[in-house]
Amino acid sequence: MAGALPSSNEQISQDITRRSGEKDHLNGATTGETRTTIYGAFLSSDEQASQEVPRRSECFGKRHLLVLMCSTGFSSLYAMRVTLSVAIVAMVNNTAIPHVNKSVSDVCEYPGDNSTESSQDGEFVWNEYEQGLILGSFYWGYAMTNMLGGRLGDSFGGKIVYGGGVFVTSALTLLIPVIANTKIISLLIVLRVVQGLGEGVTVPASVSLMAKWVPPLERSKMTAFVNAGSQFGTIIALPICGLLCQSTFLGGWPSTFYVFGIVGVLWFLTWMYLKLSIPWRHIFTSMPFWGIFVVHTTQNWGFYTLFSELPTYMKNMLHFNITQNSFISALPYILMWIVSIVAGLTADSLRNKGYLSTTTTRRIFNSIGSYGPMICIVLVGYAGCDKFKAIALLCGAVGLSGFMYSGFTNSHLDIAPNFAGTLMGLTNTVATIPAFLAPQVVGYLINGNETVTQWRLVFWITGIIYFVGNTFYIIFISGEKQHWNDLEVL
C-alpha cells in the first residue's frame with residue numbers, strides 16, 4: 001500500500017523504533033543506524049535482512065512473507081486439531097455404548113434406513129464422557145506452555161519457538177493411530193496432553209513476531225489474515241477427514257492423522273530462519289488487560305464448544321453420515337474465514353480514514369463477534385430437528401466469530417506492543433481451560449441423554465458466557481498504548 005501515513009500517526013510509527021534510535025520507517029523515510037536483534041532473523045542467517053524495519057510501501061516484503069507463513073502454520077495446526085474431532089466419529093462403536101433418552105419425542109428420528117450408519121461403527125467403546133476427555137485432554141497441556149511461549153518469543157524471537165511448536169504437534173499427530181490401537185485410553189490422553197504442550201507456545205510466539213514486524217495501522221488485517229489460517233485449515237481438514245475416514249483404500253481413519261501430520265512436518269521444514277523486564281504489578285492492575293483476559297476466556301468457551309462438538313452434534317442429533325457431517329461441519333468455518341478477512345480489511349480502513357478510533361473499532365467488531373454468535377447459538381437450541389435452521393444458525397454462530405480477530409485479538413498489540421507475546425501467553429493460558437473443560441461439560445450433560453433439551457442447555461450456557469465476557473470487555477478495554485509498555489524495570 002503506497003503513500004504516506006497521516007501525520008497524526010507519526011508518533012505511533014516512531015514508538016516502534018524508539019529503543020533502537022531509529023527514525024520513522026513506516027512512511028518509506030530513510031532510517032538511522034539500526035540495531036540487529038534476534039527476533040529479526042526470520043528469513044535466513046543473513047543478519048542484513050533482519051536489520052530493516054519493514055517499509056509500508058513494499059508490495060510484498062518480509063513482513064508479508066512472515067504473515068503468510070504464520071497463517072499457513074496455523075492452517076496446519078488447526079487441521080491437525082480437527083482430525084480427531086472428525087475421526088472419533090468413525091473410531092467409536094456407538095452401538096456398543098448404552099444410551100438412555102428421556103422420551104422418544106425428544107430425539108430426532110433417522111431419515112429412513114440407518115443400517116449404513118450402524119455398519120460404520122468403529123472398534124473403540126468410548127462413551128460420551130470418555131470422548132470428551134480424549135478431545136479435551138490436548139488443552140490440558142496447551143494451557144501449560146502458553147506463558148513459556150510468550151516469554152521465549154518476546155525474549156529470543158518467535159521463529160524457532162513457533163516452528164518448534166508446529167513440529168512437535170505434527171510428530172505426535174503421526175503417533176495417534178499407534179497409541180489408539182493399544183486400546184489403552186490413558187495412553188492416548190497422555191499423548192494428547194503432550195501434544196498440547198508442544199502447540200501451546202505457537203500463538204504467543206506468533207504474536208511476538210507480529211509485534212516486531214507489523215506496523216500499527218496494518219495490525220487488524222495482518223492479524224486477521226494470520227488467524228484466518230486457523231479457519232482455512234479447519235475448512236480444508238473437515239471434508240478431507242470425512243473422505244479419508246471412509247476410504248478403505250487409504251486405510252480409513254488412521255490416514256487422517258498420517259496425512260495432516262506429514263503436512264505439518266513439511267511446513268516445519270520450509271519454515272527453518274529486546275529483552276525487557278516485565279512490569280507485572282502494572283499488568284495485573286490494568287483494567288484493559290483484564291478486559292482482554294476475560295473476553296479471551298469466554299470467547300474460547302464458545303469457539304471450542306462448537307469446534308470440538310459440532311461433528312458429534314451433526315451426527316447424533318441431525319443424523320448426517322460422516323461424509324455429509326464433515327462437509328457440512330466445514331461450512332461455518334468457510335464463512336468465518338471470509339468474515340475474518342473482510343472484517344480485518346474494514347477495521348483498518350475505518351481507522352486509517354479516521355472514522356473510528358482504535359478503542360471504538362475493537363468494541364464494535366468484538367461485539368459483533370460475541371453478541372452475534374450468542375444469539376445464533378441460543379436459537380440453535382430451539383431449531384429442534386429442523387436441519388436447515390440448525391445449520392444456518394450454526395453458520396451464523398461460527399461465521400460471526402470472525403469479527404473477533406479485529407477485536408480483542410489485536411488488543412494485546414494495542415495496549416503493550418513490547419509485551420504482546422507475554423500478554424498473549426497469560427491470557428491464552430487461562431483461555432485454554434475452556435478448550436478442555438467445555439467438551440467435558442458437554443459430555444457430562446449429554447452422556448447417555450443426548451436429546452434436544454440437553455443440547456439446548458449446552459447452547460444457553462454458551463450464550464450466557466459470550467454475553468458476560470464481551471460486556472466486561474467493552475466496558476474496560478482501551479485501544480491506547482499503556483504507560484507501562486515503556487517501563488524497563490518492575
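Glycine residues also receive a Cβ, built from the backbone N, Cα and C atoms like all the rest.
Taken from TrEMBL, the feature compositional bias 'Polar residues' covers 1-15.
Residues or ranges marked as compositional bias 'Basic and acidic residues' in TrEMBL: 16-26.
Per TrEMBL, the feature domain 'Major facilitator superfamily (MFS) profile' maps to 65-481.
Feature annotation from TrEMBL assigns region 'Disordered' to 1-31.
Sequence-remote contacts of a segment are chain residues at least 6 beyond its ends whose Cβ falls under 8 Å from one of its Cβ atoms, and for the transmembrane segment (160-179) they are 70, 73, 76-77, 80, 83-84, 149, 152-153, 187-188, 191, 194-195, 197-202, 205-206, 208-209, 253-254, 257-258, 260-265, 267-268, 271-272. Positions annotated as transmembrane segment by TrEMBL: 160-179 (among others).
Here the transmembrane segment (185-211) has Cβ contacts under 8 Å with residues 39, 42, 66-67, 70, 73-74, 77, 84, 126, 130, 133-134, 137-150, 152-154, 157-159, 161-162, 164-169, 172-173, 175-176, 179, 219, 222-223, 226, 412-413, 417-418, 420-425, 428-429, 432 of the same chain, all six or more residues outside its ends. As annotated by TrEMBL, transmembrane segment applies to 185-211 (among others).
Look at TrEMBL and you will find 232-251 (among others) tagged as transmembrane segment.
Annotation source TrEMBL lists transmembrane segment at 257-276 (among others).
Sequence annotations record features per position, and here TrEMBL assigns transmembrane segment to 288-307 (among others).
Within its own chain, the transmembrane segment (327-347) is flanked in space by residues 86, 220-225, 227-228, 231-232, 234-235, 238-239, 242, 306, 310-311, 314, 320, 361, 365, 368-369, 391, 394-403, 405-406, which lie at least six positions past its ends and keep a Cβ under 8 Å from the stretch. What TrEMBL records for 327-347 (among others) is transmembrane segment.
Sequence-remote contacts of a segment are chain residues at least 6 beyond its ends whose Cβ falls under 8 Å from one of its Cβ atoms, and for the transmembrane segment (368-384) they are 108, 295, 298-299, 302, 306, 343, 390, 393-394, 396-398, 400-407, 452, 455-460, 462-463, 466-467, 469-470, 473. Among the features that TrEMBL reports, transmembrane segment is placed at 368-384 (among others).
If you look at the transmembrane segment (390-408), the same-chain residues 6 or more away from its ends with a CB under 8 A from one of its CBs are 220, 223-224, 227-228, 231, 291-292, 295-296, 299, 302-303, 306, 310, 318, 328, 331-333, 335-341, 343-344, 346-347, 361-363, 365-370, 372-373, 376-377, 379-380, 383-384, 473, 477. Summarising the annotation, TrEMBL assigns transmembrane segment to 390-408 (among others).
The transmembrane segment annotation in TrEMBL covers 415-437 (among others).
Here TrEMBL flags 457-476 (among others) as transmembrane segment.
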**Prompt:** Taking residues 6+ outside the transmembrane segment (415-437), which of them lie with a CB under 8 Å of any CB in it?
**Reply:** 15-16, 136-140, 142-144, 146-151, 153-154, 158, 200, 203-205, 207-208, 210-211, 216, 274, 276, 278-279, 283, 286, 288-289, 292-293, 296-301, 304-305, 308, 478-482, 484-486
